[in-house]
């Protein structure tokens, strides 16, 4: 995949485009429909630009648009906590969907039985000696209540150092 940098001249001999790293352009041969600049991608908005990246990757396995956006938003000159950069990355990962829609789709593939709760010191937790395969196993209050521990040998305790739920 050939890329033209904004610091140089375009292949046609013209100037390399507008602000920042927006001067790189994508040619029709690299999977785009004409030339695209960072400025144009940003004008498209996050949803449309991320949908374009998704289409390019689906068709050619490559995306010059993705390169333009990542070069800009993940540039060493930008702070790691830049909210706009983080938001663009979320949209790019979502591939044309909203980040919330994408998160829902991903959660649909999660079929694990563990809640994954990690707690801090001084939280009430439980140990069930009937179910547990180790005396060190602890479960959170919600998992204990959802489980069937009727007539089990269990104890409730106040965690001294924090812990993690061993449910599942």
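Backbone N, Cα and C atoms are what each Cβ position is placed from, and that goes for glycine too.
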Annotated zinc finger segment (source TrEMBL; candidates 57-112, 113-168): 113-168
Reported mean pLDDT - the zinc finger (113-168): 90
